[in-house]
Structures are given as structure tokens and as C-alpha cells.
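Enquirer: Could you have a look at this structure, given as C-alpha cells, before my questions?
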Amino acid sequence: MYNLLKGKRGIIFGALDENSIAWKTAERVHEEGGKFVLTNAPVAMRMGQIKNLAEKTGSEIIPADATNMDDLENLITKSVEILGGKLDFVLHSIGMSVNVRKNIPYTESNYANTEKGWDVSALSFHKLCQVLYKNDAMNEWGSIVALTYMAAQRTFPDYNDMADNKAYLESIARSFGYFFGKDKKVRVNTISQSPTPTTAGQGVKGFGGFIAYADAMSPLGNATALDCANYTVSLFSDLTRKVTMQNLYHDGGFSSTGVSNEVIERFS
Ligand SMILES: NC(=O)c1ccc[n+]([C@@H]2O[C@H](COP(=O)([O-])OP(=O)(O)OC[C@H]3O[C@@H](n4cnc5c(N)ncnc54)[C@H](O)[C@@H]3O)[C@@H](O)[C@H]2O)c1
């Protein structure tokens, strides 16, 4: 432990269960001395597991649907009160596609589903940034991170409309990152994470093959949820103050690998 986040305050979205990337991040941020409010959609609260995480990390929980501006206003105002000052870090770790959930192929998208998934997975990041920005809720040199996947750049057929949502999400990080940088000296980045066995990850069709393939293609192997938590801690820390408006690959080298020997052997 390095005490990298001592004295820092923030909000962590998206801890559903102990496999969640946000769950591991909350644990690591706590170990590094950061204080935070945990939040998730009211429906996820009913599953109750987040209470264990809150107890373990001495955090309060404020439910918020990340697509609802009133919920976001309430969350951010109350978090600043509870934590005793403006925020230094925010993690957006949220994703959901109704088309994926219902196994509807990309070529047969139901657009009501598409819009819902886009609102939850992508537009919610703009809404969150806007509420933080307008309320002047971030301290200078604060850091906002959202999680994404490389299907925003390359096609993975069964990732479905989440690919489009992630492309939109990454664009918001660049666009809002400009204004947050200029006006508030705040960083906004996305981390493009390896396939990870979580509830959202395992919802993607063929996930078992997908994660094994990525592992065989990555010189360092897939990055785990804990690896992602560690990387996020570094982006919340003061050691990365000039990193902003970036989509940062955190994938064991997958994104730069054309082919690996393991994969060639399978075809030889
Ligand atoms: N698991 C992977 O393979 C992988 C890879 C790259 C990126 N990601 C991204 O990481 C992030 C976290 O996902 P995860 O893999 O930890 O899965 P997860 O299922 O544990 O987390 C997804 C979270 O989104 C929350 N959520 C859904 N709708 C919401 C709403 N309306 N308001 C607020 N919260 C809402 C869920 O309750 C859940 O906590 C997502 O953005 C996901 O796309 C995941």
C-alpha cells in the first residue's frame, strides 16, 4: 500500500457484487486512504451485497439511477456534504444493453432497447459529467474515469450495440475532458479493460471463448478486475495529473498484438 489517495474524496458507481470491477476498485481505493460514497441503481441495491462493501470500507450508500438527472443532483450534493468537501475522483463503472440481455442480434436491433442501453451505458456519463461540472463539485486536479472496451475500435460481433455505446462513451470523455481541463483542471479518461468475468461481462454471448482468446492473444495475459482497480487508483492519484482525454488500453498488450504463437499453433 502506498497511501496514494490519502485525504481524497470521491464517488464509485457500479459495485454490484464482489466480481464487479467497481467493487475491487472500492477496496483498493479504501486501502490507499481514499474516502467515498458508493452508488448503484436502486434495483441493484435490492440485491443487498453492496452493504457488505460499505461496511468493509466505512462508506455510505446513496442509490441513484445514472440516467436520472434528479438522482445525480441528489447524489452529488449529498456526497459533498457527507465527505466534507468537493470531490477528487469519480468512477463510472456502468454498462447494460437490453438487446444483449434479450439475445437480439445486432442486425435485428430493437431501437427502444438500443436507446435504453445507450442512455445507461453512454449518455449517463455525459449526465454525470454535466452535474459535476455545473455544481463545481470537483477539486482542481481531480480525476474522472469511465470503463470501456476495445469493441469501440474493432468489431467483436457478439458485443452487439455495446460497441456503439462504448464508442460514444469514449467520445464524451474527450469532449467533456476538454472543458473540464480548461475550466476546472480536472482529468477525464476511459480505461479500455480486458474481458473480465463479471455479471456484465458474462452477459456477452460466447464469453468463455472470448476471454480465453483474449488471454492467448495478450503477451501479459488478460488484466483482471484487481489489475483494473490498481490502474484506476493510479489515475485517481496525483502521479498522473497531466493524463486527460485519453482512452487507455489496459489489456496485457492485446490491442497491439497482431497474432500470438499460441493462436498460430491452434491453426497449424
Ligand atoms: N466485464 C468485462 O469484460 C468488461 C470489459 C471492459 C469494460 N467493462 C466495463 O466495466 C464496467 C463495469 O462492469 P463490470 O464488468 O464490473 O460488471 P457489473 O455487472 O459488475 O457492473 C455493471 C454495473 O452497472 C450498474 N448499472 C446498470 N444500470 C445502471 C443504472 N441505470 N444506473 C446506475 N448503475 C447501473 C449495475 O447495477 C452494475 O453494478 C462497465 O462499463 C463495463 O462495460 C467490462
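Even glycines carry a Cβ here, placed using N, Cα and C.
So TrEMBL lists the following for this protein:
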{"type": "ACT_SITE", "residues": "TYR149", "note": "active site, proton acceptor"}
{"type": "ACT_SITE", "residues": "TYR159", "note": "active site, proton acceptor"}
{"type": "BINDING", "residues": "GLY14, SER20, ILE21, ILE94, LYS166", "note": "NAD(+) binding site"}
Enquirer: Between SER20 (NAD(+) binding site) and TYR149 (active site, proton acceptor), how many Å separate their Cα atoms?
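Expert: Here the two Cα atoms are 15 Å apart.
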Enquirer: Among GLY14, ILE21, ILE94, TYR149, these being the recorded positions, pick the one whose CA is nearest to that of TYR159 (active site, proton acceptor).
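Expert: If we rank GLY14, ILE21, ILE94, TYR149 by Cα distance to TYR159 (active site, proton acceptor), first place goes to TYR149.
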Enquirer: Mind giving me a neighbour count for TYR159 (active site, proton acceptor)? Other Cβ atoms within 10 Å of its Cβ, every protein chain shown.
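Expert: Around TYR159 (active site, proton acceptor), other Cβ atoms within 10 Å: 23.
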Enquirer: Should any of the binding-site residues GLY14, ILE21, ILE94, LYS166 have a Cα within 10 Å of the Cα of TYR149 (active site, proton acceptor), which are they?
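Expert: Checking each Cα against TYR149 (active site, proton acceptor), the hits are LYS166.
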Enquirer: Just counting, how many other CB atoms are there within 10 A of the CB of GLY14 (NAD(+) binding site)?
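Expert: There are 26 such Cβ atoms around GLY14 (NAD(+) binding site).
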Enquirer: Around the C-beta of SER20 (NAD(+) binding site), how many further C-beta atoms are within 10 angstroms, looking at every protein chain?
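Expert: There are 25 of them.
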Enquirer: Around ILE21 (NAD(+) binding site), how many other CB atoms lie within 10 A of its CB?
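Expert: I count 26 other Cβ atoms within 10 Å of it.
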Enquirer: What same-chain residues, at least 6 away in sequence, bring their CB to under 8 Å of the CB of LYS166 (NAD(+) binding site)?
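Expert: Set apart from LYS166 (NAD(+) binding site) by at least 6 residues yet with Cβ under 8 Å, we have SER121, ALA122, THR148, TYR149, ALA151, ALA152.
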Enquirer: Per DSSP, to which secondary structure element type does GLY14 (NAD(+) binding site) belong, with helix, strand and coil as the options?
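Expert: Where GLY14 (NAD(+) binding site) sits, the three-state DSSP reduction gives coil.
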Enquirer: Within the chain of ILE94 (NAD(+) binding site), which residues six or more apart in sequence place their C-beta under 8 angstroms from its C-beta?
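Expert: The list for ILE94 (NAD(+) binding site) reads PHE13, GLY14, ALA66, VAL120, SER121, SER124, PHE125, given in order along the sequence.
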Enquirer: Rounded to a whole number, what is the top Cα to Cα distance in Å among the residues the record ties to NAD(+), namely GLY14, SER20, ILE21, ILE94, LYS166?
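Expert: The two farthest binding residues have Cα atoms 18 Å apart.
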